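Colleague: Pulled from TrEMBL, these are the listed features:
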| type | residues | note |
| --- | --- | --- |
| ACT_SITE | Cys92 | active site, proton donor |
| ACT_SITE | Cys92 | active site |
| ACT_SITE | Cys227 | active site, proton acceptor |
| BINDING | Asn22, Asn83, Gly93, Asn94, Asn167, Asn200, Glu218, Arg219, Gly228, Thr229 | substrate binding site |
Amino acid sequence: MVPVSTSQTAPIAFLKGHGTENDFVIVPDPDNDLDLPPRAVAALCDRRAGIGGDGLLHVVRSAAHPEARAVAGEAEWFMDYRNADGSVAEMCGNGVRVFARYLRRAGHVTAGDLAVATRGGVKRVHIPKDEDGDITVHMGRAALPDTEVTVSVGDRSWPARNVNMGNPHAVAFVADLADAGDLRTEPAVTPAAVYPHGVNAEFVVDRGPRHVAMRVHERGSGETRSCGTGACAVAVAAARRDGTDPAVTGSPVTYTVDLPGGRLVITEHPDGSVEMTGPAIIVAEGHFDPARLETAFA
Ligand SMILES: N[C@@H](CCC[C@H](N)C(=O)O)C(=O)O
């Protein structure tokens, strides 16, 4: 392994991309040669001293990564997702679309259906022939444990729905998106024991029939302009609230979810599977000077 540390001498190839302005540093590393400790990820994601991003997509062949080797026969590529603070996460809905866009652009895969390994399981992704076309991800089933949770910002609190999309979410319906405040401070979600590894908190308002808008505070990243797993969690929570749960009605239901950075369309099917469609854009590529990692670590 090549340590990404003060002794790292080789430039680190990267790309920058986003999905509805949830932005990522993409680090292609097919053979898993780079060692990416949390502080190196945080340095790369730093918006002033680094490249800047809400998270990092470490692109590795599944066969080369201990966490994905077992599914290498099913999914050739593993999305080793890291939050901006360097912590690992199970899944990233916007990230997996950008990951697929990168694989296509690099010529590793063709348009069509692709399986991507994530810590939240193997996800099926559809890449259209149109190079700029929206990408659809089959996100799997949401889990909705019947636990009552509360989200608080300052002295205001809301009951919230506990939804797991591979990663944990608390979805609160509020009167106004401004109720969430500036979200510079992490909202309190209680009881804390429900989320031993932290939680992403969504604040949601109605915009019309099966049309909502949301803001999100992401675990490990702070407020972001979009969260794909969060939008899916919001859509399934809204379907339960609205009495449109597909498992009950027998019909798929589609919600349009507006986020500060764009729009995602989420469909839940009667078997509980959730599908998300949205954009994925690569905006730049280059090399990161490893000496700047030293500066970031100083
Ligand atoms: N922005 C992502 C979610 C990234 C992971 C999240 N912060 C977590 O820690 O669970 C998305 O688009 O889903």
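Glycine too: its Cβ is placed from the backbone N, Cα and C atoms.
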Colleague: Quick one: give me the count of other CB atoms within 10 A of the CB of Asn22 (substrate binding site).
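Modeller: For Asn22 (substrate binding site), the count of other Cβ atoms within 10 Å is 32.
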Colleague: Would you mind sorting out which of Asn167, Glu218, Cys227, Gly228 (the recorded positions) have a C-alpha within 10 A of the one on Cys92 (active site, proton donor)?
Modeller: Asn167, Cys227, Gly228
Colleague: Compute the mean position of the Cβ atoms of Asn22, Asn83, Gly93, Asn94, Asn167, Asn200, Glu218, Arg219, Gly228, Thr229, which form the recorded substrate site, and then list in sequence order the other residues of that chain whose Cβ is within 8 Å of it.
Modeller: Gly55, Ala89, Met91, Cys92, Gly95, Val216, Ser221, Thr224, Cys227, Gly230
Colleague: Validating a neighbour-count step here. Other CB atoms within 10 A of the CB of Glu218 (substrate binding site): how many?
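Modeller: Neighbour count, Cβ to Cβ under the 10 Å cut-off: 28.
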Colleague: Using a 10 Å cut-off on Cβ-Cβ distances across all protein chains shown, tell me which of the active-site residues (Cys92, Cys227) has the largest neighbour count.
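Modeller: Answer returned by the neighbour count: Cys227.
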Colleague: Could you work out which of the binding-site residues (Gly93, Gly228) has its C-beta surrounded by the smallest number of other C-beta atoms within 10 A?
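Modeller: Output over binding-site residues Gly93, Gly228: least Cβ neighbours within 10 Å is Gly228.
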Colleague: Quick one: largest C-alpha distance among Asn22, Asn83, Gly93, Asn94, Asn167, Asn200, Glu218, Arg219, Gly228, Thr229, binding substrate per the record, in angstrom?
Modeller: 16
Colleague: Pop the Cα-Cα gap between the residue listed as 'active site, proton acceptor' and Glu218 (substrate binding site) into the table, whole Å please.
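Modeller: Between the Cα atoms of Glu218 (substrate binding site) and the residue listed as 'active site, proton acceptor', the distance comes to 8 Å.
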Colleague: I'm trying to understand the geometry here, so how far is the Cα atom of Gly93 (substrate binding site) from the Cα atom of Cys227 (active site, proton acceptor), in Å to the nearest whole number?
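Modeller: One finds 7 Å between the Cα atoms of these residues.
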Colleague: Does DSSP put Gly228 (substrate binding site) in a helix, in a strand, or in coil?
Modeller: helix
